[in-house]
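Here is what TrEMBL records for this protein:
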TRANSMEM  C:25-43  transmembrane segment
TRANSMEM  C:55-74  transmembrane segment
TRANSMEM  C:104-127  transmembrane segment
TRANSMEM  C:134-151  transmembrane segment
TRANSMEM  C:195-214  transmembrane segment
TRANSMEM  C:244-261  transmembrane segment
TRANSMEM  C:267-287  transmembrane segment
TRANSMEM  C:294-313  transmembrane segment
TRANSMEM  C:319-345  transmembrane segment
């Protein structure tokens with residue numbers, strides 16, 4: 001059974017058909033990348049999966065259950081988690097407290113503190129634990145948000161351009177984090193522009209174009225697909 | 001004939017409410033649409049327009065000119081305020097709102113200190129006409145025409161001038177003006193002045209119909225607030241249709257249970273609308289643009 | 001013993017990331033201030049002491065606004081609506097049912113609950129409608145202004161609830177003060193020393209309880225929503241419920257202020273819900289430092305004292321001063337004068353240290 005599946009997913013804004021009859025499916029334990037030129041509907045697809053927008057038609061199934069009209073927080077409680085493109089952290093709170101807020105519904109007391117310490121280690125943020133989250137470097141902010149997202153022990157992790165604005169070293173370290181999580185059994189769906197990063201993590205790739213599924217396959221198949229290259233070249237030659 | 005006269009009566013009531021809602025709200029809406037800020041000193045710009053135009057009328061200036069004078073003075077004060085205070089708070093919109101409340105307190109109480117607890121009014125001009133045995137104030141009809149004219153002029157400003165087109169672009173896509181390399185500080189200054197001027201116009205127009213006291217602004221703000229809340233950010237897609245719908249609601253409730261019921265009903269209606277249409281009418285009309 | 005440890009963990013919440021002040025230094029300062037407040041009546045005239053209860057009456061509303069606005073990030077400009085509703089409710093209840101058998105205290109609780117219920121209904125529409133910060137402010141402000149206008153036109157004899165006349169613009173008066181039933185004659189709490197101690201005790205209790213609330217899991221989520229509502233929701237929190245919760249608690253405290261004020265002065269008027277009155281809590285909380293309970297409390301008492309001192313020149317002058325205070329402090333010291341002065345001081349200290357090091 002697919003961990004995430006959409007059937008005929010449709011979304012209009014005004015007269016604009018942003019997500020057009022999208023059939024998508026990914027298997028549990030998979031790292032799946034969503035690529036496509038700007039305006040292809042990747043972000044809208046994410047928002048639909050998260051419940052920030054409701055679709056005009058079609059269905060979203062998560063782990064076998066229909067979540068098409070579920071509230072965002074209900075989806076999160078079922079095991080979906082997200083890291084936004086612009087780091088969504090609590091800037092005026094300390095790093096440690098950011099993680100505590102993510103964890104406090106699941107753990108308490110001693111085990112809460114132990115888990116926070118474990119996460120800080122994993123995120124390479126141990127020395128910054130007492131700092132205000134707003135004072136972190138851009139890459140560290142990204143990691144902190146990844147930490148908050150994985151603190152929920154998700155079955156499915158959504159990453160919206162996780163490496164945006166990162167140095168090559170930070171990007172590579174992020175890729176290793178994703179692989180470590182995947183080794184623990186977390187399914188990952190990422191929107192990404194950086195093809196080197198996609199190559200590092202992705203097992204399967206879906207290309208969106210004008211709101212439709214344009215191509216699907218392994219990274220090698222996608223890179224070899226001349227039609228995919230054409231839509232990118234038609235734009236700015238991102239790939 | 002009886003039916004026709006009660007129809008006229010209802011249309012008059014609704015038109016009166018529409019004029020009041022449009023005139024009291026459009027200044028607030030212009031500033032909110034452009035800057036995302038609610039000017040809590042809105043009522044005091046109305047006060048300013050009313051006091052200036054009434055004083056001018058007392059000095060023998062003809063009414064239309066004194067209303068224009070009230071508009072201009074309020075607009076100038078608005079631009080000054082923007083230069084002196086608002087400008088420094090653009091990145092903190094919520095604090096801006098709080099600051100305008102402070103300005104409102106200073107203006108209301110300052111007026112009380114300087115000009116006393118009331119100002120001699122001018123009386124409503126033009127008398128009344130009779131339809132179906134009831135008298136209707138001609139000046140109220142003038143106000144309705146003024147509301148429509150104000151919308152028309154705003155339409156021209158927003159579609160025919162460079163300022164207006166930039167302003168609309170900014171309303172639709174915030175920060176686009178900056179991206180286009182426009183002198184946003186001038187645009188904001190003009191916007192605040194325009195919003196304050198429209199408030200002044202409202203004050204000047206309604207001054208002949210009411211008792212002039214330093215707290216008169218608060219007689220307008222509730223209606224202005226609810227219109228903007230229902231209407232959302234865009235004057236033509238939001239404020240004007242919102243005013244039209246609310247005017248009918250208000251007129252119906254007023255003719256049923258009296259003035260106060262009209263006002264309470266309006267607020268209750270708005271609170272329910274919020275639950276149903278969180279993005280206001282603008283959002284509804286634009287079908288929740290991304 | 002489980003009860004022991006749960007009490008212990010509750011008390012630990014008195015200190016935490018959401019409240020300034022911790023450790024022996026802070027709490028000994030707290031005890032000293034409290035002790036000074038306790039012995040003050042010994043050195044003052046009973047009449048003055050009773051008058052000064054006035055300051056405490058408002059502090060509850062300010063603390064509630066700090067919870068809603070400072071911690072929760074929701075602009076509520078209409079806290080006076082709950083103040084007024086509870087004040088009138090106390091009047092109606094006690095005028096109808098009298099002050100025997102401790103009913104005034106029952107009324108205090110009931111009136112506060114009525115304000116909370118009103119806040120719950122209003123808040124349901126606002127927060128579950130997901131309106132943005134600005135709109136929340138102007139809708140709540142509209143609510144209090146409309147209530148003021150409604151109560152102002154209830155002068156006629158047809159406006160009464162039981163035997164309580166609403167009395168329009170002039171307001172409702174002659175409700176009984178808080179009265180403690182006592183064998184051998186009830187103790188009526190006129191504005192005097194006993195009322196001072198009762199209100200002070202209540203204030204300390206509310207202050208400490210709120211410290212625990214804001215440092216609890218609930219408080220964590222509340223500040224998370226203030227910082228980034230989307231992220232908070234995407235951690236699995238139904239943010240609407242938390243916002244509503246904070247709003248109801250804060251508004252109940254505004255209601256408590258209304259009851260205490262009405263019982264203290266034996267009157268309540270529609271203007272207590274008007275534009276000017278609605279602005280004052282904003283001034284106290286914004287000037288004092290809204291994002292911390294202690295700075296809010298100190299700031300409120302400070303600003304109120306200043307206001308009171310100025311009213312001898314006429315209340316309009318005092319209000320102009322309040323307006324200026326707001327216009328000057330909000331841009332210059334966004335987190336309030338207390339933190340503002342504190343950070344100025346510590347910056348100066350650092351600079352001096354740096355200079356000495358050179």
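Here the Cβ of each residue, glycine as well, is placed from N, Cα and C on the backbone.
Because TrEMBL annotations are produced automatically, they should be read as predictions rather than curated entries.
Segment contact is absent for the transmembrane segment (C:294-313) and the transmembrane segment (C:244-261), given fewer than three CB pairs below 8 angstroms at sequence separation of 6 or more. Sequence-remote contacts of a segment are chain residues at least 6 beyond its ends whose Cβ falls under 8 Å from one of its Cβ atoms, and for the transmembrane segment (C:319-345) they are 20, 276, 279-280, 282-283, 286-292, 295-296, 298-299, 303, 306-307, 310.
Contact between the transmembrane segment (C:195-214) and the transmembrane segment (C:55-74) is supported by 3 or more Cβ pairs under 8 Å, counting only residues 6 or more apart in sequence. Beyond its flanks by at least six residues, the transmembrane segment (C:55-74) meets 18, 80, 83, 127, 133, 136, 196, 199-200, 202-203, 206-207, 210, 213-214, 219, 222-223, 225-227, 242-243, 246-247, 249-254, 256-258, 260-261, 264, 281-282, 284-285, 288-293, 296-297, 300-301, 304-305, 308 of its own chain at Cβ-Cβ distances under 8 Å.
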